[in-house]
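Data block below; observations after.
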Amino acid sequence: MITLKSAREIDEMEKSGQLLASVHEALRDFIKPGITSWDIEVFVRNMIEDHGGVAAQIGYEGYEYATCCSINDEICHGFPRKTPLKDGDLIKVDMCIDLKGAMSDSCWAYVVGKSTPEIDHLMEVTEKALYKGIEQATVGNRIGDIGHAIQTYVEGENLSVVRDFIGHGIGPTIHEAPSVPHYGQAGKGLRLKEGMVITIEPMVNTGTWQMKMDNNGWTARTQDGGLSCQYEHTIAITADGPRILTLQDE
Ligand code: MF3
Ligand code: CO
């Protein structure tokens, strides 16, 4: 079922999203060589709770952590762990916050220490792809317009778009209808309506888009071992255009 949100509900989701954005802003300085993704998990969990939020991924479908910390070839749902991060690691930190019943979801990518031209290009294209998708999230457009804009841009940059994980409606729970693929055909699919709140969260790979699943049943990684990047925002479809609820400061 697709739930349309009132202006007041969207305002509440934006407060949740603004707490989430502030966590990502804080991670910019926190993430450096030598720390572990477990340190990130603890930092994030404490910051969310200190601000009256609930780390909504904990307990979701049996997931045990506040964050997904997916490193290098890990596409998504990486478990936080106690291995030190090193120069040139690409880490994607994904989290959901429930603030007084209002849900938000955002993933951001960070390079640890010194980057490389390959990582810079992958990160730049993935972030731009997110915004190309967001541009299409307008009343009257169709779901396929979002995926089409993302896919054509990414593939034109000789990178690939993951098919196995997609964006989604959000609120009251993390995953709601509709599904929001990051690939597809313009003009196809459900028509977007005022009051829908969705995530757009392209996962972009340097090699093949195909994935393989780890034995833990959660962590997906690239089949060919290539790098994977992801950025995600929570977006409300409004009469004035897409409103990014998880927008960060520059
Ligand atoms: N934040 C993830 C998403 O973007 C949700 C991960 S599901 C969990 O959809 F179980 F890992 F929390
Ligand atoms: Co999401």
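Glycine residues also receive a Cβ, built from the backbone N, Cα and C atoms like all the rest.
As annotated by TrEMBL, domain 'Peptidase M24' applies to 12-239.
TrEMBL lists H77, H175 with the feature substrate binding site. According to its DSSP assignment, H77 (substrate binding site) is coil. Long-range C-beta contacts of H77 (substrate binding site), restricted to its own chain and to partners at least six residues apart, with a cutoff below 8 Å, comprise Y63, C68, S70, W218, T219, A220.
Around the Cβ of E232 (divalent metal cation 1 binding site), the same chain contributes D94, D105, S106, C107, W108, L130, G167, T199, I200, E201, T246, each under 8 angstroms and 6 or more positions distant in sequence. If you look up TrEMBL, you'll see D94, D105, E232 marked as divalent metal cation 1 binding site.
Look at TrEMBL and you will find D105, H168, E201, E232 tagged as divalent metal cation 2 binding site. Around the Cβ of H168 (divalent metal cation 2 binding site), a 10 Å sphere holds 18 further Cβ atoms from the protein chains shown.
In this model, the domain 'Peptidase M24' (12-239) carries an average pLDDT of 98.
Taking a Cβ distance under 6 Å to any atom of ligand 2 as the criterion, the binding-site residues H77, D94, D105, H175 reduce to D105. Ranking the binding-site residues D94, D105, E201 by C-beta neighbours within 10 Å puts D105 at the top. Taking the mean position of the Cβ atoms of D94, D105, E232 as the divalent metal cation 1 site, the remaining same-chain residues with a Cβ inside 8 Å of that point are M95, C96, S106, C107, T199, E201, Q230, T234.
Residues within less than 8 Å, Cβ to Cβ, of H175 (substrate binding site) and separated from it by at least 6 positions along the same chain comprise H168, G169.
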